[in-house]
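Asker: Below is the structure I would like to discuss, written out as C-alpha cells.
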Amino acid sequence: MSELHKAFLRRIKEQETALGLSGLVDEDDIPEPAVMPPTGNSSSTANTEDETILRDYKQFKETNFIQEFYENELGHKFKTYYKPSKKPGSILFCHHGAGSSSMTFGNLVNHIEDESVGIFLFDTRGHGESVATSDFSLDTLVQDVSFVLEQFSSKHQQTSIFLLGHSLGGAVLAKYSTLYPSDILKGLILLDIVEEAAVQSLNAMPSFIARRPLSFPSLSKAISWHMNFLLFNEKSARLSVPDLFTDKLTWITDLNATQPYWQTWFSGLSENFLGFKGPKLLMLSTHESLDKQLMIGQMQGKYQLVVFKNNEKSGHFVHEDLPNHVAVCLTDYIKRAVAPEIFMKEDLGVVPKWGGKINK
C-alpha cells in the first residue's frame, strides 16, 4: 500500500472518528436512527432560547441580503441572497455542499470587510428554502448554476465574478467553469474538497446518515448536536443550523435520496479545477487530502494552496469554523487576482523595481 493511499485511509478514519462513526461496523449493527429525547431543561427555557436564535437568524438575513426566488421554466424555485458591494468591484458567487444551505456562508459574510466585494448565495435544489426534487445528478446541479448565474447577471450587470464552492459545491462549480467558460469568471475557489479523498469518504456516508437523529426537541439541541459532531464555531452554527430544519425540526434535505448520484459527484473534479484558466485557490483543513493531480499542479504553481492543518478548532466546514481566516484569504486572493500591482504595493508594501507587471 502506497504512502499516499495510507494517507487517504488515515484521512477517512479521522473523518469517521470525528463523526462518531466506525469503519468496521457492519450495516446490520447500525442502530435505528432515533429522535433526540428531551432533557431535564424546562420547555419554556428551550422555547425562549429557540426564539432568540430564530429572531437573530431571520434578522441577519433581512439586514444583510436582498432575498429573491429565481424560478426556471420547469417551475423549480431557488432561494437567493445577494449582498451588493458598497464600491465597484467583484462578486463572490457561493455554492454550498450536500445537506447544507446558503447560510453555511453566513458568518463568513460577516467577516468579509472589503467593500468592493459583493456576495451572492443560493440554496441548491432540495436544500434550504429551494424546492425539493428527486434529481441530484452533477449535470443537473451544473445546469442549476447556469440558470441562477444567468438570472443574477441579467439583473445585476457584472463583469467580475469569483466562484466559491464548498465540498460538493466545489465540484459543481469546477465542472460549470469547464462547460461554461466566460470572461467574467475571474477566479475559482474550492473549500475542503479533493476528488480522490471525497470519493473514498463516501463510504462513511450511509453510517453517518443512519446515526443522525431524525429530529430534535429544540433548535438549541440541534445546534448542540452540530457542535458536538461537525462544527467548532457556535456563532456560525446559530446562522447555518436553523436553515437545515423544517418547523417540526426534521431535516429539510433527504440525503438518502441523493445516494444514487454520489459516485458521479466528484468525477473529474481535479481535472476541472486545474483546467480553469484563471487564478485558482484551494483551501483545505489538512494536507493529507491532496491527490496526485493536485500535488503535481501545486508543484507546477498552477494554483494557490492554503492549509489550516495546525488548527484544532477547524474541520470540514472550515469557513464556518474559521470565518475570519478564510475571509482574509479570500479578500487577499481577489485583490491579487484583480489588481496584482496594487495588492503588492498597498497590502504587502512591495514595489517591483524592474518596472514590469506582476503575473496573476
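Each Cβ is built from the backbone N, Cα and C atoms, and glycine gets one as well.
Worth saying up front: this structure is predicted, and the values here are computed from it rather than measured.
What Swiss-Prot lists as region 'Disordered' is 26-50. If you look up Swiss-Prot, you'll see SER167, ASP192, HIS316 marked as active site, on the strength of similarity to another entry.
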Asker: Suppose we draw a 10 Å sphere around the Cβ of ASP192 (active site). How many other Cβ atoms does it contain, all chains included?
Answerer: 24
Asker: Which whole-number value in Å describes the distance between the Cα atoms of SER167 (active site) and HIS316 (active site)?
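Answerer: The Cα atom of SER167 (active site) is 8 Å away from the Cα atom of HIS316 (active site).
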Asker: Across all chains shown, how many C-beta atoms besides its own are within 10 angstroms of the C-beta of SER167 (active site)?
Answerer: 23
Asker: Starting from the Cβ of HIS316 (active site), draw a 10 Å sphere and report how many other Cβ atoms land inside it.
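Answerer: Excluding its own Cβ, HIS316 (active site) sees 22 Cβ atoms within 10 Å.
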